[in-house]
Amino acid sequence: MAAFRMGKLTTIPAGLIYASINVRLAKEEEPKKQLVRPDQLPIYTAPPLHSKYVEEQPGNLQRGFASIRTTTVYYIGWCKSIYLFMKNGVMDTVQFGKDAYVYLKNPPQDFLPKMGVITASGLAGLLSARKGSRFKKIAYPLGLATLGATVCYPAQSVIIAKITGKKAYATSQQIFQAIKSLWTQKSENESLPEPKEESKEGRSDEIHASLPDLKHSVSLPKELASATVIKSESTSGTTQFIPDPKLMDHGQSHPDDKDMYSTRS
């Protein structure tokens, strides 16, 4: 029994030593693990600090198509405006021809005499300016024909004159404003003369001359003058106040009965 116990006691420390050696070897064999923070994981990639947005530049093909498009749009708009102008002109001309045909088909009674007067006045102007300059050859027939039309159609002439006058006035105002703006710009560009600096002595003399003279005596009214004289007399003289003995208050006693009361405190 003693030998069995001794063997048991010797085997237990040996087993513990062997087990501790195995555990240590296993720990040494394990690879060393390093802890990583969450922001260091690859899913948390932070953008660079000096980032800058660069807009994509168009290529040669894109720029070529853009230039072709702008050119075609410009010419298409120009052709469209010309087409609309010609269309409106043709439509107005056709409508005017239709109205003139209807008017001439059934003219009023005084139409032919009025047209005869206008034509005769135009021919008279042409004959009167046949030996003159080109300006006279144009101005005289138009002027006399206009005068004849004004005489024959006074109401329409007044309306046309009003409209023409308003348009001429608006145009003259625009021209006047343009000329005025140019004139103001020229005047602003010109250097203004600098004012001369006055000396301090001259300024002080002017200030003294502009201020009123306060040393002169001012006349007061009679009431204020008498009040000031009375106050001055009362303050200048050393008058002594003498009270009336009848008005003196002696308390509970009369001056004649002063011996009847004791003066002890």
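Heads up, residue numbers simply count up from 1 along the chain you see.
Keep in mind that glycine also has a Cβ here, set from the backbone N, Cα and C atoms.
Features of the protein shown, as given by Swiss-Prot:
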type: TOPO_DOM; residues: 28-110; note: topological domain 'Mitochondrial intermembrane'
type: TOPO_DOM; residues: 130-137; note: topological domain 'Mitochondrial matrix'
type: TOPO_DOM; residues: 156-265; note: topological domain 'Mitochondrial intermembrane'
type: MOD_RES; residues: SER204; note: phosphoserine
type: COMPBIAS; residues: 229-241; note: compositional bias 'Polar residues'
type: COMPBIAS; residues: 246-265; note: compositional bias 'Basic and acidic residues'
Could you pull the average pLDDT for the topological domain 'Mitochondrial matrix' (130-137)? 82
Could you tell me how many residues in the topological domain 'Mitochondrial matrix' (130-137) are helical, how many are strand and how many are coil under DSSP? 4 helix, 0 strand, 4 coil
